[in-house]
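Shown next, in structure tokens, is the structure this report addresses.
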Amino acid sequence: MMNFDTMDPSMGDYPPLDGGMEPSMDPHLNPGLLQDLDAEGLPVPGSEHLMEGMFSELHSAVSEGGVPVTAAHFDLQEEMLWTGNHRGHVTSFFGPTMVRHSSFQANAADDIRQIHSLETGVLFLSKCNLKCHTRGGLVMFDYPMDEGADMHSLLMTDNNTVLMGGLQNYAVEFDLNAMQETQKFNVEVPGVAIMRQTGRFFFCGHTSGKITLRDLRSFKTEHEFDAFSGSLSDFDVHGNLLAACGFSSRGMNGLACDRFLMVFDLRMMRAVTPLQVHVDPLFLRFIPTYTSRLAIISQTGQCQFCEPTGLANMADIFHVNAGGQVLMSFDVSSSKQALAFGDSGGIVHLWSDAPEVSFNDYSRESEFALPCIVDSLPQLDWNHDLLPLSLIPTPLTSTEQLLSDWSSAMATPSPRRAPPVDPEILRTMKTVGFIGYAANPRTRPRNQVPYKLKDVELDYDNYSQVPESPIGRDEEPHLYMVPKKYRKVTIKYSKLGLEDFDFKHYNRTLFAGLEPHIPNAYCNCMIQVLYFLEPIRCLVQNHLCQKEFCLACELGFLFHMLDLSRGDPCQASNFLRAFRTIPEASALGLILADSDEQTGKARLGRLIQSWNRFILTQLHQETQEQEGPQAYRGASSSSLGSSGESAIGKLFGCEVENSSLCRCGKETVRTSLSLLFTVHYPEHNSTDKAMKEYDFAEILKRSICLEQSTQAWCENCEKYQPTVQTRNIRCLPDVLVINCEVNSAKEAEFWKVQAEYAFNKAKQKEKEKQAMEPPKPKEPPPPMPTEWCLDGEDPSSMAGFTFDTKAEDLRHVWIPQSLKMQISKTQGLEVSSWPEGEELSSAEEEEGASVYDLVVTVPHILDARTGGNLVAHIKVGETYHVRKEGVTHQQWYLFNDFLIEPVDKLEAAQFDVSWKVPGLLYYAKRNHHPKYDLRIKNPIDASVLLTEASLARKQRKSHATFIPLMVSEMPQAGELVGLDAEFVTLNQEEAELRSDGTKSTIKPSQMSVARITCVRGQGANEGVPFIDDYISTQEQVVDYLTQYSGIKPGDLDAKISSKHLTTLKSTYLKLRFLIDTGVRFVGHGLQKDFRVINLLVLKDQVVDTVHLFHLPRKRMISLRFLAWYFLELNIQGETHDSIEDARTALALYRKYLELSRGGGNDEVRKVLKGLYEKGRQLDWKAPESEPQDPPQGAAAFPSVMGL
């Protein structure tokens, strides 16, 4: 924020915009946007009408009458607005009502120039002083500047460091913990008046009109923009844009406010078209809500909103009614919902675009000053020797809550309030500075003050308490209603990333969970559902096509990892990457923005049902026998005659006959293939108080054989006519997929009432059964059946359940465990509940009847705290248990991302719709597996390693950096392959700062592989690359990490790249072939490489030099330092090169083998101790030295061009 006292006096007075108007009015303003004014120029009470999305004045308050407000700042931790004035006085206001919270003197002589809030206090910058106070006004530290300092700007660079600049020729770095200067950076005269920061640069605005971009570490100038010829007024940075306003030199006439904003593109480091505005800009800020719009403020109170790359609209102007005063300060809240203006009359104006405004997205509770109240204690006769202290009555009544039942707000201890000061002391007190001195009147004994507890309690009840947190007491029942295993699980990231996160705590089985931090990972539960359907697992792993983005191929790769995993979680990053590129998925609204996933705005129940329909149709099309991509069609409208038969069609497909009968008698019949069915609920008559009881089988039959009336085109009548449409099925599917469609309170109430009917019926049957049975002698209770024993149970009289099932266990259960379905000779469908363990008779089988068992339920978990999530109950078959555990049984499991837990079969069918809403049901026909070929034949062969054409148009053979393998060089099991990969960033890391100053990662940065290199590990050509692929990406890259990856903008663009550019799928197949062959990969930090590439490699196939040269409980050592220490090589000078890194890792492995053969483990440990000692001496930085002869191991690596 600029200080007007140090500027040219001519800059403070602006000529009127129109001679016939007052300076506070602009002829361009829309009169309808102005507020009603009374005779004194202040807002008329009751005239404020806040409209959503449009800023208008919410409140105004007087900071200190007649003293200009020189600084304004919204607190970043609490709902407070801080102001500082020209006399050094500070005032804070609480909340949108602007209740005065605290007021104190921060500087005795100079004005407050900038304010910044911290976790524990607030920083106040004046001309030659930096002061920190608590929010209540107590001084934490007071730091005077050097003589001659004229500070103007303050910038927090990290948790404990601030940077201060001004009109002197240096900037100061200050450590808040040590409370001392750490560095001084020399800058150009006249110095730095405004500072901003991004992840790449410090931006420093100078009074000369220039803006310099400086390095974050050295503060050296990297680039300079000459924004204005006169002086700079303000600037702001957002994304890749920098916008600035200022003054232009008018020769002898001095400086004039420039109505053109200068806009600079930070990607190309040049100016773009200036933006003309209709006000004289003094302040500007980006307010990135829906768009990256700019707020431009003039000194006379006019404010205009516009896009930085568009044209300014005069209708987007509003006026701050400052009563003829000029604006001196301006700030925007972190939530972008509130604006604060401070004027020269000492008044603060709060503007908002919503009636319920919040300054921060997550604010903590504020502490308020407590009144001074005198307490007292009841009198006790201490002279009586036998007086027990228990005489103080503390009765416990039935109406009184126990302390353990109190809410946390009531049980939090509060400090004892100080007693009032003796009036005699106040009368005789003399003040020096802010400390008062008075003689002790000796009216009471030393260090003894009487307290009156009753008076305290009365006043405490009347005292206005601090507002509760956004998660109030009304929300607390939700925290306990949802069982812990169903709640949304999150990964706690540390400095080591995922290495020290205990996934075994959430999953003690050998099945693999899926990580949830990837965009659109809401479908993790459905991926598990498809995996545990054996025909689909085998189908997609046998499938391989040439399409770059094929969901069937990606599912096959992912299922292969799930097969290999022994309980460690996998991630579906490559599958979801391909999923995001399919236009049909985007058109159906299946691709969520990050904000929708984090805030819980997405309607996950409806979303997963749409996703289920989409994925079945997409897999059906991709796995058809004929070649070529198929156009997307709805799941219920795929024509049988237009597509080849696929295993998806055999498994889920059901031939459906749709009949449309017009009232003219014309009947049209069409045949189609339906992959799933949607439940249609009967209409409830509002006149009936009680809802009718239905059996689930009855509702399912109505939904499959649907009959409804609708308007349709009749060719006979040649117009739209009311028609009766009926649907019948000709055959039964092997797996019946049901979308429950519980998307509103109406369907949820229907499900709840039917479950209550079923529960009451079960209780009645249990009572009748107990009444008929003779009383038995009391015996010890039998052992409870475990969750693992689900087979061989005797069927009970109630369909779908066993004798061991108690009625209480059937609460919230409406769906049966088994169904009997049959199409009669009259083509009529019959559906009924069936006892779970009972088999069909031979006569029923001959008639075509089939029994379907419940194998999957996918509920939507409603959780107000986390926004909800999706889980799956899956009945895992015998073949999966044989592969993983070597046992033959079936078991229900709960799959909640990486949490996997065995559950009871009844729990899978229970749906308490207050928090667990049914989404999908899968019923599988008994013994349907023999129809399908369940053998997996690996479709990846050695041809994937042969020479392939590059996607890059400019790539030439002279630019080749690798030599493909010859047929005679094909790798064998156990052979070495050097591997290294480089990555780029697609999404930046999301983190928050804890109260102790440490950083907590909420969501890690999303990386994408950009280059993969494999070099030969043995033979005459050892060290020569045979794969050096640059991976083309269609997603936006936010950071190429050139310093660490060597990837430059354009390297991944097929139009301009000169590299060997391929698709991710092509390179993935090469690595999969090498893994399946059984080669051993040698590299440095391969765990992260394989994780980002999305590959699962067995531990005995990985040789990681980061672990070979590592001592327990010591730091990991970089490849560069290891190469310098052991190989006398200087690598990774300016950037990283994956070929160089892969060769170096191979050489280090050879060195390790040499050390092991020379002296065994003792020799290796001795060498490693010397390595760590040398590293501590050099601070783990390899010294820069002259190029030396390569080590003996490197001589075996000939260049590619030399071959």
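Even glycines carry a Cβ here, placed using N, Cα and C.
Unlike curated entries, TrEMBL annotations are predicted automatically.
TrEMBL annotations:
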DOMAIN    512-926  domain 'USP'
COMPBIAS  764-779  compositional bias 'Basic and acidic residues'
REGION    764-783  region 'Disordered'
BINDING   Asp980, Glu982, Asp1089, Asp1141  divalent metal cation binding site
REGION    1180-1203  region 'Disordered'
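Structural mapping of features recorded in TrEMBL.
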residue	record	CB count, 10 Å
Asp980	divalent metal cation binding site	28
Glu982	divalent metal cation binding site	25
Asp1089	divalent metal cation binding site	23
Asp1141	divalent metal cation binding site	26
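Apart from the site residues Asp980, Glu982, Asp1089, Asp1141, the chain places the Cβ of Leu979, Ala981, Arg1011, Ile1012, Thr1013, Gly1083, His1084, Gly1085, His1136, Ser1138, Ala1142 no farther than 8 Å from the centroid of the site's Cβ atoms, the recorded divalent metal cation location.
Mean pLDDT of the predicted structure over the domain 'USP' (512-926): 82.
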